[in-house]
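Record features (TrEMBL):
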- 9-27: transmembrane segment (TRANSMEM)
- 68-88: transmembrane segment (TRANSMEM)
- 95-113: transmembrane segment (TRANSMEM)
- 119-139: transmembrane segment (TRANSMEM)
- 175-207: transmembrane segment (TRANSMEM)
- 219-242: transmembrane segment (TRANSMEM)
- 289-308: transmembrane segment (TRANSMEM)
- 317-333: transmembrane segment (TRANSMEM)
- 345-368: transmembrane segment (TRANSMEM)
- 380-401: transmembrane segment (TRANSMEM)
Amino acid sequence: MRLLFQRLLTPRSLAMLLWLVFAWYVFDGYDRHAPSNDEWVQHIYGELLVAYYTSGLADKTFLDFSNLYLYGGLFDLPAAWITMAFGIDWWPLRHLLTAAFGALAFLGAARFGRFLGGAWLGTAALAATMGSGVFSGAIFTHTKDVPFAAAMLWSLYYTSRIADGLPAPRWRHVLLWGLATGAALGLRVGGVLAFGFLGAAILLSWWPRRRALPPWPRLFTAILLRLAPGIALALALMAFFWPWSVMGWDHVWQALTKFSHFAFDLYTWEDGKRVENAQVSRLYLPKYLLVRLPEFILLGTVLALAHWRRIKESPRLWPLLFALTFVLAYVVIGKPPLYNGLRHFLFLVPWFALLACWGWQSTLAALHRPLTEISLRRRHGALLLSALLVLSAADDFITLARLHPYQHLYYNHLARGLAGAKHHWELDYWSDATRALLPALADWVAKQPADKEWALAYCAEGFQIEPWLPPNVYITEAWDDAELLLATTHDDCDQAVPGKEIARIERLGTPLAVLKIIDHEAAAP
(Lines of atoms letter the chains of each structure in order from A; the text may use other names.)
(Lines give C-alpha, C1' and ligand atoms only; values in the text may rest on other atoms or scores of the structure.)
Protein backbone atom coordinates (compact mmCIF):
# COMPACT_ATOMS: atom_id res chain seq x y z
CA MET A 1 0.00 0.00 0.00
CA ARG A 2 2.79 2.36 0.90
CA LEU A 3 4.59 1.58 -2.35
CA LEU A 4 1.41 2.26 -4.33
CA PHE A 5 0.95 5.57 -2.52
CA GLN A 6 4.54 6.56 -3.30
CA ARG A 7 4.05 5.73 -6.96
CA LEU A 8 0.89 7.82 -7.12
CA LEU A 9 2.30 10.72 -5.11
CA THR A 10 4.78 11.95 -7.69
CA PRO A 11 5.44 15.45 -9.04
CA ARG A 12 4.00 14.40 -12.39
CA SER A 13 0.76 12.97 -10.98
CA LEU A 14 0.20 15.97 -8.71
CA ALA A 15 0.85 18.35 -11.60
CA MET A 16 -1.70 16.48 -13.72
CA LEU A 17 -4.24 16.82 -10.91
CA LEU A 18 -3.57 20.56 -10.72
CA TRP A 19 -4.06 20.91 -14.47
CA LEU A 20 -7.37 19.04 -14.26
CA VAL A 21 -8.54 21.44 -11.54
CA PHE A 22 -7.45 24.35 -13.71
CA ALA A 23 -9.35 22.97 -16.72
CA TRP A 24 -12.53 22.74 -14.62
CA TYR A 25 -11.93 26.26 -13.32
CA VAL A 26 -11.70 27.66 -16.85
CA PHE A 27 -14.72 25.71 -18.09
CA ASP A 28 -16.82 26.79 -15.13
CA GLY A 29 -15.65 30.36 -14.82
CA TYR A 30 -14.95 31.95 -18.18
CA ASP A 31 -18.62 32.79 -18.84
CA ARG A 32 -19.38 34.08 -15.35
CA HIS A 33 -17.50 37.36 -15.44
CA ALA A 34 -18.43 40.77 -16.78
CA PRO A 35 -16.05 42.52 -19.16
CA SER A 36 -13.73 44.93 -17.39
CA ASN A 37 -14.56 48.61 -17.67
CA ASP A 38 -11.80 49.35 -20.21
CA GLU A 39 -12.06 46.10 -22.16
CA TRP A 40 -14.28 47.50 -24.88
CA VAL A 41 -11.89 50.31 -25.79
CA GLN A 42 -9.03 47.82 -25.84
CA HIS A 43 -11.00 45.65 -28.25
CA ILE A 44 -11.67 48.66 -30.48
CA TYR A 45 -7.93 49.37 -30.43
CA GLY A 46 -7.38 45.83 -31.68
CA GLU A 47 -9.87 46.40 -34.50
CA LEU A 48 -8.06 49.61 -35.46
CA LEU A 49 -4.76 47.72 -35.60
CA VAL A 50 -6.40 45.14 -37.86
CA ALA A 51 -7.58 48.00 -40.08
CA TYR A 52 -4.04 49.41 -40.13
CA TYR A 53 -2.60 46.19 -41.54
CA THR A 54 -5.49 45.27 -43.85
CA SER A 55 -5.30 48.76 -45.39
CA GLY A 56 -1.65 48.28 -46.25
CA LEU A 57 -0.53 50.53 -43.36
CA ALA A 58 -2.62 53.42 -44.70
CA ASP A 59 -5.35 53.59 -42.04
CA LYS A 60 -3.66 55.11 -38.99
CA THR A 61 -6.79 55.84 -37.01
CA PHE A 62 -5.35 53.88 -34.09
CA LEU A 63 -2.94 56.76 -33.46
CA ASP A 64 -5.85 59.06 -32.57
CA PHE A 65 -7.77 56.63 -30.38
CA SER A 66 -7.34 57.81 -26.79
CA ASN A 67 -3.83 57.05 -25.52
CA LEU A 68 -3.86 53.37 -26.45
CA TYR A 69 -1.09 53.88 -29.01
CA LEU A 70 1.19 53.82 -25.95
CA TYR A 71 0.35 50.12 -25.54
CA GLY A 72 1.10 47.13 -27.69
CA GLY A 73 -1.69 45.11 -29.26
CA LEU A 74 -0.33 41.58 -28.99
CA PHE A 75 -3.52 40.54 -27.21
CA ASP A 76 -6.03 42.96 -28.71
CA LEU A 77 -5.06 42.52 -32.37
CA PRO A 78 -5.46 38.71 -32.55
CA ALA A 79 -8.64 38.86 -30.44
CA ALA A 80 -10.16 41.47 -32.76
CA TRP A 81 -9.11 39.59 -35.90
CA ILE A 82 -10.66 36.32 -34.68
CA THR A 83 -13.95 37.99 -33.75
CA MET A 84 -14.09 39.82 -37.09
CA ALA A 85 -13.14 36.76 -39.13
CA PHE A 86 -15.41 34.23 -37.45
CA GLY A 87 -18.20 36.37 -36.03
CA ILE A 88 -17.51 35.34 -32.43
CA ASP A 89 -18.69 37.47 -29.51
CA TRP A 90 -15.74 39.55 -28.41
CA TRP A 91 -15.90 39.28 -24.63
CA PRO A 92 -16.00 35.45 -24.13
CA LEU A 93 -13.21 35.05 -26.66
CA ARG A 94 -11.06 37.59 -24.84
CA HIS A 95 -11.69 35.84 -21.53
CA LEU A 96 -10.72 32.46 -22.97
CA LEU A 97 -7.60 33.94 -24.56
CA THR A 98 -6.63 35.51 -21.26
CA ALA A 99 -7.11 32.14 -19.57
CA ALA A 100 -4.81 30.62 -22.20
CA PHE A 101 -2.14 33.14 -21.27
CA GLY A 102 -2.77 32.24 -17.64
CA ALA A 103 -2.08 28.61 -18.52
CA LEU A 104 1.17 29.71 -20.17
CA ALA A 105 2.12 31.51 -16.95
CA PHE A 106 1.41 28.40 -14.88
CA LEU A 107 3.43 26.28 -17.29
CA GLY A 108 6.26 28.81 -17.09
CA ALA A 109 6.23 28.67 -13.30
CA ALA A 110 6.46 24.87 -13.40
CA ARG A 111 9.29 24.92 -15.95
CA PHE A 112 11.20 27.63 -14.08
CA GLY A 113 10.77 25.79 -10.78
CA ARG A 114 12.08 22.55 -12.28
CA PHE A 115 15.12 24.46 -13.55
CA LEU A 116 15.77 25.95 -10.11
CA GLY A 117 15.33 22.85 -8.00
CA GLY A 118 14.01 19.78 -9.77
CA ALA A 119 10.64 18.17 -10.37
CA TRP A 120 9.18 18.72 -6.90
CA LEU A 121 10.02 22.42 -6.95
CA GLY A 122 8.42 22.69 -10.38
CA THR A 123 5.18 21.16 -9.15
CA ALA A 124 5.28 23.29 -5.99
CA ALA A 125 5.71 26.45 -8.07
CA LEU A 126 2.77 25.40 -10.24
CA ALA A 127 0.59 24.86 -7.16
CA ALA A 128 1.72 28.10 -5.50
CA THR A 129 0.99 30.20 -8.58
CA MET A 130 -2.38 28.57 -9.11
CA GLY A 131 -3.10 28.99 -5.41
CA SER A 132 -2.45 32.74 -5.49
CA GLY A 133 -5.95 34.11 -5.91
CA VAL A 134 -4.73 37.56 -6.87
CA PHE A 135 -3.22 35.94 -9.99
CA SER A 136 -5.35 32.90 -10.81
CA GLY A 137 -8.52 34.87 -10.12
CA ALA A 138 -7.49 37.47 -12.70
CA ILE A 139 -7.05 35.14 -15.66
CA PHE A 140 -10.38 36.00 -17.29
CA THR A 141 -10.66 39.77 -17.03
CA HIS A 142 -7.14 41.20 -16.77
CA THR A 143 -6.48 41.00 -20.48
CA LYS A 144 -3.27 43.01 -20.44
CA ASP A 145 -1.87 42.13 -17.03
CA VAL A 146 -2.04 38.33 -17.25
CA PRO A 147 -0.54 38.04 -20.76
CA PHE A 148 2.21 40.46 -19.73
CA ALA A 149 2.90 38.39 -16.61
CA ALA A 150 3.16 35.22 -18.71
CA ALA A 151 5.52 36.87 -21.19
CA MET A 152 7.76 38.33 -18.47
CA LEU A 153 7.92 35.00 -16.64
CA TRP A 154 9.05 33.12 -19.73
CA SER A 155 11.49 35.90 -20.61
CA LEU A 156 13.05 35.70 -17.15
CA TYR A 157 13.17 31.91 -17.36
CA TYR A 158 15.10 32.00 -20.63
CA THR A 159 17.25 34.80 -19.25
CA SER A 160 18.28 32.37 -16.52
CA ARG A 161 18.88 29.61 -19.06
CA ILE A 162 21.05 31.91 -21.19
CA ALA A 163 23.10 33.00 -18.17
CA ASP A 164 23.46 29.38 -17.07
CA GLY A 165 24.69 28.40 -20.54
CA LEU A 166 27.48 30.97 -20.84
CA PRO A 167 29.75 31.39 -22.71
CA ALA A 168 27.69 29.72 -25.47
CA PRO A 169 23.97 29.64 -24.62
CA ARG A 170 21.83 27.36 -26.74
CA TRP A 171 20.28 28.93 -29.84
CA ARG A 172 16.90 27.57 -28.78
CA HIS A 173 17.05 29.48 -25.50
CA VAL A 174 18.13 32.66 -27.28
CA LEU A 175 15.26 32.52 -29.77
CA LEU A 176 12.67 31.64 -27.15
CA TRP A 177 13.93 34.53 -25.01
CA GLY A 178 13.37 36.77 -28.02
CA LEU A 179 9.87 35.38 -28.50
CA ALA A 180 8.90 35.94 -24.85
CA THR A 181 10.51 39.37 -24.65
CA GLY A 182 8.91 40.43 -27.92
CA ALA A 183 5.55 39.33 -26.55
CA ALA A 184 6.09 41.44 -23.42
CA LEU A 185 7.06 44.47 -25.52
CA GLY A 186 4.05 43.80 -27.73
CA LEU A 187 1.86 44.37 -24.69
CA ARG A 188 3.54 47.04 -22.56
CA VAL A 189 6.60 49.20 -22.68
CA GLY A 190 7.57 47.63 -19.36
CA GLY A 191 8.89 44.75 -21.42
CA VAL A 192 12.12 46.72 -21.88
CA LEU A 193 13.01 45.54 -18.39
CA ALA A 194 13.78 42.17 -19.95
CA PHE A 195 16.86 43.63 -21.68
CA GLY A 196 18.17 44.96 -18.38
CA PHE A 197 17.48 41.66 -16.65
CA LEU A 198 19.37 39.80 -19.37
CA GLY A 199 22.36 42.11 -19.11
CA ALA A 200 22.44 41.83 -15.33
CA ALA A 201 22.11 38.04 -15.47
CA ILE A 202 25.05 37.78 -17.86
CA LEU A 203 27.21 39.96 -15.61
CA LEU A 204 26.19 38.01 -12.51
CA SER A 205 27.05 34.75 -14.24
CA TRP A 206 30.35 36.04 -15.66
CA TRP A 207 31.80 37.58 -12.51
CA PRO A 208 32.41 34.41 -10.41
CA ARG A 209 33.84 32.60 -13.46
CA ARG A 210 35.71 35.48 -15.05
CA ARG A 211 39.15 33.90 -14.60
CA ALA A 212 38.08 30.70 -16.34
CA LEU A 213 36.40 32.46 -19.26
CA PRO A 214 37.93 34.25 -22.25
CA PRO A 215 38.89 37.95 -21.82
CA TRP A 216 35.77 40.03 -21.40
CA PRO A 217 35.99 42.09 -24.65
CA ARG A 218 36.12 38.94 -26.75
CA LEU A 219 33.60 37.14 -24.56
CA PHE A 220 30.98 39.90 -24.60
CA THR A 221 31.37 40.42 -28.33
CA ALA A 222 30.74 36.72 -28.84
CA ILE A 223 27.76 36.79 -26.48
CA LEU A 224 26.25 39.81 -28.24
CA LEU A 225 26.57 38.08 -31.61
CA ARG A 226 24.98 35.00 -30.10
CA LEU A 227 22.09 37.03 -28.72
CA ALA A 228 21.54 39.06 -31.90
CA PRO A 229 18.85 36.75 -33.40
CA GLY A 230 16.86 36.81 -30.15
CA ILE A 231 17.11 40.59 -29.88
CA ALA A 232 16.07 40.96 -33.52
CA LEU A 233 13.07 38.69 -32.98
CA ALA A 234 12.01 40.65 -29.89
CA LEU A 235 12.22 43.98 -31.72
CA ALA A 236 10.38 42.60 -34.75
CA LEU A 237 7.48 41.44 -32.59
CA MET A 238 7.42 44.80 -30.84
CA ALA A 239 7.31 46.61 -34.19
CA PHE A 240 4.45 44.47 -35.49
CA PHE A 241 2.19 44.49 -32.45
CA TRP A 242 3.09 48.01 -31.29
CA PRO A 243 3.61 49.94 -34.54
CA TRP A 244 3.72 53.37 -32.88
CA SER A 245 6.91 52.30 -31.08
CA VAL A 246 8.88 52.31 -34.35
CA MET A 247 7.29 55.40 -35.91
CA GLY A 248 9.83 57.61 -34.15
CA TRP A 249 13.30 56.98 -32.81
CA ASP A 250 12.34 58.08 -29.30
CA HIS A 251 8.83 56.63 -29.03
CA VAL A 252 9.79 53.85 -26.64
CA TRP A 253 11.47 56.40 -24.41
CA GLN A 254 8.39 58.64 -24.61
CA ALA A 255 6.17 55.78 -23.48
CA LEU A 256 8.52 54.99 -20.60
CA THR A 257 8.57 58.57 -19.34
CA LYS A 258 4.83 59.06 -19.76
CA PHE A 259 3.94 55.98 -17.75
CA SER A 260 6.46 56.91 -15.06
CA HIS A 261 4.47 60.09 -14.42
CA PHE A 262 1.07 58.99 -15.69
CA ALA A 263 -1.40 60.49 -13.23
CA PHE A 264 -5.08 61.26 -13.69
CA ASP A 265 -8.15 61.79 -11.55
CA LEU A 266 -8.35 58.35 -9.98
CA TYR A 267 -8.43 57.32 -6.34
CA THR A 268 -7.17 54.15 -4.75
CA TRP A 269 -7.25 52.52 -1.32
CA GLU A 270 -4.06 52.19 0.70
CA ASP A 271 -4.25 50.73 4.19
CA GLY A 272 -7.54 52.39 5.09
CA LYS A 273 -6.92 55.67 3.26
CA ARG A 274 -8.48 56.72 -0.03
CA VAL A 275 -5.83 58.68 -1.89
CA GLU A 276 -5.17 60.02 -5.38
CA ASN A 277 -3.11 57.67 -7.52
CA ALA A 278 -0.29 60.21 -7.72
CA GLN A 279 -0.21 60.59 -3.93
CA VAL A 280 0.23 56.97 -2.87
CA SER A 281 3.11 56.25 -0.52
CA ARG A 282 6.39 54.69 -1.58
CA LEU A 283 5.32 51.49 0.15
CA TYR A 284 2.06 51.10 -1.80
CA LEU A 285 3.32 48.07 -3.73
CA PRO A 286 5.07 46.32 -0.79
CA LYS A 287 1.95 46.80 1.35
CA TYR A 288 -0.26 45.20 -1.28
CA LEU A 289 2.16 42.30 -1.65
CA LEU A 290 1.97 41.73 2.11
CA VAL A 291 -1.82 41.54 2.20
CA ARG A 292 -2.51 39.88 -1.14
CA LEU A 293 0.04 37.09 -1.36
CA PRO A 294 -0.88 33.87 0.49
CA GLU A 295 0.86 33.37 3.81
CA PHE A 296 2.76 30.32 2.58
CA ILE A 297 4.36 32.49 -0.12
CA LEU A 298 5.23 35.25 2.35
CA LEU A 299 6.77 32.79 4.81
CA GLY A 300 8.56 30.94 2.02
CA THR A 301 10.07 34.21 0.82
CA VAL A 302 11.39 34.92 4.32
CA LEU A 303 12.84 31.40 4.50
CA ALA A 304 14.49 31.84 1.11
CA LEU A 305 16.19 35.08 2.13
CA ALA A 306 17.36 33.42 5.35
CA HIS A 307 19.36 30.97 3.23
CA TRP A 308 21.74 33.66 2.02
CA ARG A 309 24.69 31.26 2.03
CA ARG A 310 22.88 28.83 -0.20
CA ILE A 311 21.76 31.71 -2.40
CA LYS A 312 25.43 32.55 -2.95
CA GLU A 313 25.92 28.97 -4.14
CA SER A 314 22.82 28.98 -6.39
CA PRO A 315 23.60 31.17 -9.43
CA ARG A 316 20.48 29.95 -11.21
CA LEU A 317 18.45 31.87 -8.64
CA TRP A 318 20.31 35.15 -9.09
CA PRO A 319 18.39 36.52 -12.13
CA LEU A 320 15.09 35.98 -10.30
CA LEU A 321 16.35 37.72 -7.18
CA PHE A 322 17.78 40.60 -9.18
CA ALA A 323 14.53 41.11 -11.12
CA LEU A 324 12.42 41.13 -7.95
CA THR A 325 14.79 43.49 -6.17
CA PHE A 326 15.01 45.86 -9.12
CA VAL A 327 11.25 46.21 -9.61
CA LEU A 328 10.58 46.76 -5.92
CA ALA A 329 13.43 49.26 -5.62
CA TYR A 330 12.25 51.16 -8.69
CA VAL A 331 8.71 51.52 -7.34
CA VAL A 332 9.81 52.48 -3.82
CA ILE A 333 12.44 54.97 -4.99
CA GLY A 334 10.77 56.26 -8.16
CA LYS A 335 7.29 56.53 -6.59
CA PRO A 336 5.26 56.38 -9.83
CA PRO A 337 1.46 56.89 -9.78
CA LEU A 338 -0.21 53.60 -8.81
CA TYR A 339 -3.76 52.30 -8.49
CA ASN A 340 -5.84 49.09 -8.49
CA GLY A 341 -3.51 47.37 -6.06
CA LEU A 342 -1.35 44.72 -7.71
CA ARG A 343 -3.06 44.89 -11.11
CA HIS A 344 -0.08 46.33 -12.97
CA PHE A 345 2.34 44.15 -11.02
CA LEU A 346 0.70 40.75 -11.38
CA PHE A 347 3.90 39.60 -13.07
CA LEU A 348 5.57 39.66 -9.65
CA VAL A 349 3.27 36.99 -8.23
CA PRO A 350 4.76 33.96 -10.07
CA TRP A 351 8.25 35.30 -9.27
CA PHE A 352 7.46 35.40 -5.56
CA ALA A 353 5.87 31.95 -5.79
CA LEU A 354 9.10 30.58 -7.27
CA LEU A 355 11.28 32.21 -4.63
CA ALA A 356 8.99 31.03 -1.84
CA CYS A 357 8.95 27.44 -3.07
CA TRP A 358 12.74 27.49 -3.32
CA GLY A 359 12.83 28.76 0.27
CA TRP A 360 10.52 26.01 1.51
CA GLN A 361 12.48 23.33 -0.33
CA SER A 362 15.82 24.60 0.98
CA THR A 363 14.57 24.82 4.56
CA LEU A 364 12.90 21.43 4.66
CA ALA A 365 15.87 19.79 2.96
CA ALA A 366 18.26 21.33 5.48
CA LEU A 367 16.14 20.20 8.42
CA HIS A 368 15.31 16.76 7.08
CA ARG A 369 18.78 15.27 7.10
CA PRO A 370 19.47 12.04 9.06
CA LEU A 371 19.44 12.26 12.85
CA THR A 372 23.19 11.62 12.85
CA GLU A 373 23.65 14.96 11.11
CA ILE A 374 21.08 17.16 12.84
CA SER A 375 19.59 17.38 16.30
CA LEU A 376 16.20 16.07 17.32
CA ARG A 377 15.13 19.68 17.86
CA ARG A 378 15.79 20.41 14.21
CA ARG A 379 13.84 17.34 13.18
CA HIS A 380 10.90 18.62 15.22
CA GLY A 381 11.36 21.99 13.54
CA ALA A 382 11.08 20.33 10.15
CA LEU A 383 7.85 18.61 11.18
CA LEU A 384 6.43 21.87 12.53
CA LEU A 385 7.29 23.77 9.35
CA SER A 386 5.81 21.00 7.22
CA ALA A 387 2.59 21.13 9.23
CA LEU A 388 2.51 24.92 8.94
CA LEU A 389 2.95 24.71 5.17
CA VAL A 390 0.16 22.16 4.80
CA LEU A 391 -2.23 24.11 7.03
CA SER A 392 -1.49 27.41 5.30
CA ALA A 393 -1.97 25.91 1.84
CA ALA A 394 -5.19 24.18 2.92
CA ASP A 395 -6.55 27.42 4.40
CA ASP A 396 -5.67 29.24 1.18
CA PHE A 397 -7.41 26.75 -1.09
CA ILE A 398 -10.51 26.64 1.13
CA THR A 399 -10.70 30.44 0.98
CA LEU A 400 -10.36 30.39 -2.81
CA ALA A 401 -13.14 27.80 -3.07
CA ARG A 402 -15.43 29.99 -0.95
CA LEU A 403 -14.62 33.04 -3.08
CA HIS A 404 -15.36 31.28 -6.39
CA PRO A 405 -15.62 32.70 -9.02
CA TYR A 406 -14.18 35.89 -7.51
CA GLN A 407 -10.80 34.55 -6.43
CA HIS A 408 -9.23 37.84 -7.53
CA LEU A 409 -10.65 39.36 -4.32
CA TYR A 410 -8.44 37.18 -2.11
CA TYR A 411 -6.83 38.86 0.90
CA ASN A 412 -4.76 37.04 3.50
CA HIS A 413 -5.06 37.10 7.28
CA LEU A 414 -2.79 40.13 7.58
CA ALA A 415 -5.63 42.10 6.00
CA ARG A 416 -8.16 40.13 8.09
CA GLY A 417 -9.49 38.56 4.90
CA LEU A 418 -12.05 40.00 2.52
CA ALA A 419 -14.11 41.57 5.31
CA GLY A 420 -11.09 43.41 6.68
CA ALA A 421 -10.10 44.62 3.22
CA LYS A 422 -13.28 46.67 2.76
CA HIS A 423 -12.52 50.38 3.11
CA HIS A 424 -8.84 49.50 3.47
CA TRP A 425 -7.76 47.95 0.17
CA GLU A 426 -8.93 47.68 -3.43
CA LEU A 427 -11.80 45.24 -3.97
CA ASP A 428 -14.03 44.72 -7.03
CA TYR A 429 -12.75 47.76 -8.92
CA TRP A 430 -14.17 46.46 -12.22
CA SER A 431 -17.69 45.73 -10.89
CA ASP A 432 -17.28 42.10 -11.89
CA ALA A 433 -19.84 40.73 -9.44
CA THR A 434 -22.67 42.90 -10.79
CA ARG A 435 -23.25 40.51 -13.69
CA ALA A 436 -24.27 37.75 -11.28
CA LEU A 437 -27.26 39.86 -10.19
CA LEU A 438 -28.80 40.02 -13.66
CA PRO A 439 -30.80 36.78 -13.23
CA ALA A 440 -32.27 38.26 -10.03
CA LEU A 441 -33.09 41.43 -11.97
CA ALA A 442 -34.81 39.40 -14.70
CA ASP A 443 -36.83 37.43 -12.12
CA TRP A 444 -37.93 40.60 -10.35
CA VAL A 445 -38.90 42.38 -13.58
CA ALA A 446 -40.87 39.32 -14.74
CA LYS A 447 -43.14 39.72 -11.70
CA GLN A 448 -43.93 43.36 -12.59
CA PRO A 449 -46.41 44.67 -15.20
CA ALA A 450 -45.31 43.37 -18.62
CA ASP A 451 -45.62 46.72 -20.43
CA LYS A 452 -43.50 48.59 -17.89
CA GLU A 453 -40.00 49.78 -18.85
CA TRP A 454 -37.44 50.18 -16.09
CA ALA A 455 -34.65 52.74 -15.91
CA LEU A 456 -31.54 51.26 -14.32
CA ALA A 457 -28.73 53.25 -12.75
CA TYR A 458 -25.56 51.22 -13.18
CA CYS A 459 -22.41 52.05 -11.26
CA ALA A 460 -20.01 51.06 -14.06
CA GLU A 461 -19.83 51.10 -17.86
CA GLY A 462 -23.09 50.06 -19.50
CA PHE A 463 -21.50 47.66 -22.00
CA GLN A 464 -20.40 45.46 -19.09
CA ILE A 465 -23.97 44.17 -18.56
CA GLU A 466 -26.03 45.27 -21.59
CA PRO A 467 -25.91 41.88 -23.39
CA TRP A 468 -27.73 40.23 -20.46
CA LEU A 469 -30.28 42.92 -19.55
CA PRO A 470 -34.00 42.06 -19.77
CA PRO A 471 -35.56 43.69 -22.88
CA ASN A 472 -37.64 46.14 -20.85
CA VAL A 473 -34.72 47.39 -18.75
CA TYR A 474 -32.44 50.14 -20.02
CA ILE A 475 -29.45 51.90 -18.47
CA THR A 476 -29.83 55.61 -17.81
CA GLU A 477 -27.20 58.21 -17.05
CA ALA A 478 -29.83 60.34 -15.29
CA TRP A 479 -29.84 58.72 -11.89
CA ASP A 480 -32.54 61.12 -10.67
CA ASP A 481 -34.91 59.39 -13.10
CA ALA A 482 -33.72 55.85 -12.41
CA GLU A 483 -35.96 53.35 -10.66
CA LEU A 484 -33.42 50.61 -10.03
CA LEU A 485 -29.79 50.59 -8.97
CA LEU A 486 -27.21 47.92 -9.75
CA ALA A 487 -23.90 48.69 -8.11
CA THR A 488 -20.68 47.30 -6.77
CA THR A 489 -19.96 47.88 -3.11
CA HIS A 490 -16.46 49.08 -4.00
CA ASP A 491 -16.07 52.72 -2.99
CA ASP A 492 -19.61 52.47 -1.50
CA CYS A 493 -21.23 52.97 -4.88
CA ASP A 494 -24.21 50.95 -3.62
CA GLN A 495 -24.79 53.72 -1.05
CA ALA A 496 -25.02 56.50 -3.64
CA VAL A 497 -28.82 56.47 -3.43
CA PRO A 498 -31.15 54.94 -0.80
CA GLY A 499 -33.54 52.15 -1.64
CA LYS A 500 -34.93 48.71 -0.85
CA GLU A 501 -32.61 45.83 -1.56
CA ILE A 502 -33.83 43.18 -4.01
CA ALA A 503 -30.76 40.94 -4.07
CA ARG A 504 -27.06 40.92 -3.36
CA ILE A 505 -23.90 38.96 -4.16
CA GLU A 506 -21.59 38.31 -1.25
CA ARG A 507 -18.59 36.18 -0.39
CA LEU A 508 -17.23 35.36 3.06
CA GLY A 509 -19.99 37.50 4.56
CA THR A 510 -18.93 40.58 2.59
CA PRO A 511 -21.35 42.12 0.04
CA LEU A 512 -19.80 42.58 -3.41
CA ALA A 513 -22.75 43.88 -5.45
CA VAL A 514 -26.30 45.03 -4.71
CA LEU A 515 -29.53 45.39 -6.69
CA LYS A 516 -32.22 47.62 -5.21
CA ILE A 517 -35.29 49.73 -5.89
CA ILE A 518 -34.41 53.40 -5.55
CA ASP A 519 -36.35 55.38 -2.95
CA HIS A 520 -36.34 58.91 -4.35
CA GLU A 521 -38.34 60.30 -1.45
CA ALA A 522 -35.68 59.19 1.02
CA ALA A 523 -33.03 60.68 -1.25
CA ALA A 524 -34.72 64.10 -1.33
CA PRO A 525 -33.16 66.72 1.01
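For all residues, glycine too, the Cβ spot is worked out from N, Cα and C.
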Open item on the list: Quick check: do the transmembrane segment (219-242) and the transmembrane segment (68-88) share at least 3 Cβ pairs under 8 Å, counting only pairs 6+ apart in sequence?
Closed with: yes
- [ ] Compare 68-88, 95-113, 119-139, 175-207, 289-308 by their Cβ pairs under 8 Å to the transmembrane segment (9-27) and return the stretch that comes out on top.
- [x] 119-139
Task: Stretch in 95-113, 119-139, 289-308, 317-333, 380-401 most in contact with the transmembrane segment (175-207), if contact is a CB pair under 8 A - done: 317-333
